[in-house]
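Undergrad: Structure below; questions to follow.
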Amino acid sequence: MENINVLKSDFTKLFAKDAESVFFSPGRVNLIGEHTDYNGGNVFPCALTIGTYALVRQREDKNVLVNSLNFKELGILEFSLENMIYEKQHDWANYPKGVIKTFENHGYNIPNGFEILFYGNIPNGSGLSSSASIEVLMGTILNDLFNLNINMVDIVKMCQEAENKFIGVNCGIMDQFAIGMGKENCAILLDCNTLKYSYSTIAMDGYKIVIANTNKKRGLADSKYNERRSECETALAEIQKVKNINALGELTEEEFEEVKSCISDPIKAKRAKHAVYENRRTLKAVKALEENDLTLFGKLMNDSHISLRDDYEVTGIELDTLVSLAWKSEGVIGARMTGAGFGGCTVNIVKEDCIDSFVEKVKAEYTSKIGYEPSFYVVSISDGTRKIG
């Protein structure tokens, strides 16, 4: 927990009055089920103890003033509820702005403005969903301030819509869902097709989740992400000529092997294979956890990375280096890339008394091979977005 009192005094210095309430929204990591969401499959994310804090005070006029301690150089950004358009110079503030606009589009009344101080301890560009964390935070603040009585799943859907339509990023619903619906010590098995979900308790007996950040500047992810989506769509269309399915996620491994010869391009067949096998791996991983078999869960994580590396080809030297070093480290039962790929982070399950040596060794070897240092975060699984004061 960050020192809320320090944030409160920062708020008072900035806005000359005290904050009225405090909110927290977690980041998220996907434990397994990568690039399955848009293929009609399952994902298995959890919310994290790192995230975004917001201190809020209502105003009597229609103006919204926001400031982020993570972007101090931008100062206080101000906009009016009567002119809610995307403005490049507003930078990060377009995320909360998009959520406000989406709520209004759905007929919710936002009668007056407010002041918000944001502070996040999720590294930007790490792939741990700092943007979705801010979106669900803003939705939760609006729901609370104006007594809108919206359930969290609907807040989550509107936040995804804000990112799709206002920001213009074609994301699935996993990030916002994991952040809004998170539960302490549980991961969420989510079917992205139907939004059916269930919680699985993770008994981490003596183990911790360690996130390793490649610190690679992400440039490629968006273009390659769209390319992979279209490759899978083409493969699906070819399979649909012989099999009545709506999504790759509906196939078992055996069914895929029977129909894969319908896919004319071997590259697209590899992409579709990943989508099918990763979805089944995710269901097996959940079953392993329910049977307290953390070792099998770790092996399935490793298999997931191999599939993302060889069949889906979204890893790259930085992620592969972090993962292969983790696989050689004492006390690691599973390691894989997480997120879109081409940079970002890996997720590792590491024995608690091995964490220090794991970080030290992986950092040294990665730095000597790649030329710059990775970062590490030891995290726990958190509740979803909520008011904390």
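The backbone N, Cα and C atoms fix where each Cβ goes, and this holds for glycine too.
According to Swiss-Prot:
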{"type": "SITE", "residues": "R28", "note": "site 'Transition state stabilizer'"}
{"type": "BINDING", "residues": "E34, H35, T36, D37, Y225", "note": "substrate binding site"}
{"type": "BINDING", "residues": "S68, G125, S126, G127, L128, S129, S130, S131", "note": "ATP binding site"}
{"type": "BINDING", "residues": "S131, E163", "note": "Mg(2+) binding site"}
{"type": "ACT_SITE", "residues": "D175", "note": "active site, proton acceptor"}
Undergrad: Counting all other Cβ atoms within 10 Å across every protein chain shown, which of the recorded positions R28, H35 scores highest?
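TA: Within the set of recorded positions, the most crowded position is R28.
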Undergrad: Please name which of the recorded positions listed here, R28, E34, H35, T36, Y225, is nearest in space to G127 (ATP binding site), Cα against Cα.
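TA: Comparing Cα positions, the candidate nearest G127 (ATP binding site) turns out to be R28.
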Undergrad: Checking the contact step here: among the recorded positions R28, T36, D37, E163, D175, Y225, which have a Cα within 10 Å of the Cα of L128 (ATP binding site)?
TA: R28, D175
Undergrad: Other than E34, H35, T36, D37, Y225 themselves, what residues in this chain have Cβ atoms within 8 Å of the centroid of the substrate site's Cβ atoms?
TA: G33, Y38, N39, G41, V43, G172, R228, A275, E278, A340
Undergrad: Across all chains shown, how many C-beta atoms besides its own are within 10 angstroms of the C-beta of the residue listed as 'active site, proton acceptor'?
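TA: Taking all protein chains shown, the residue listed as 'active site, proton acceptor' has 29 Cβ neighbours within 10 Å.
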Undergrad: Helix, strand or coil for S68 (ATP binding site)? Use DSSP.
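TA: For S68 (ATP binding site) - judged by DSSP and reduced to three states - the answer is strand.
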Undergrad: Quick one: give me the count of other CB atoms within 10 A of the CB of S129 (ATP binding site).
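TA: The answer is 29 other Cβ atoms.
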Undergrad: Rounded to an integer, what is the Cα-Cα distance in Å between E34 (substrate binding site) and S129 (ATP binding site)?
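TA: Taking the Cα atoms only, E34 (substrate binding site) lies 14 Å from S129 (ATP binding site).
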Undergrad: Distance check, please: Cα of D175 (active site, proton acceptor) against Cα of Y225 (substrate binding site), rounded to an integer number of angstrom.
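TA: Counting only the Cα atoms, the answer is 16 Å.
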Undergrad: Non-local Cβ contacts of D37 (substrate binding site) (under 8 Å, 6 or more apart, same chain)?
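TA: Set apart from D37 (substrate binding site) by at least 6 residues yet with Cβ under 8 Å, we have V43, G172, I173, M174, C192.
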Undergrad: Given the binding-site residues H35, T36, S68, S126, S129, find the one whose Cα is closest in space to the Cα of R28 (site 'Transition state stabilizer').
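TA: Nearest listed residue in space: S129.
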Undergrad: Quick one: Cα separation, S126 (ATP binding site) versus Y225 (substrate binding site), in Å?
TA: 16
Undergrad: Show which residues of the chain containing S68 (ATP binding site), separated from it by at least 6 in sequence, have their CB under 8 Å from its CB.
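TA: In sequence order, the residues whose Cβ lies under 8 Å from that of S68 (ATP binding site) (at least 6 apart) are L74, W92, A93, L117, F118, Y119, G120.
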Undergrad: For R28 (site 'Transition state stabilizer'), which DSSP three-state class applies?
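TA: Its secondary structure by DSSP: strand.
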Undergrad: Could you check which of these binding-site residues, H35, T36, S129, S130, Y225, sit within 10 Å of E163 (Mg(2+) binding site), going Cα to Cα?
TA: none
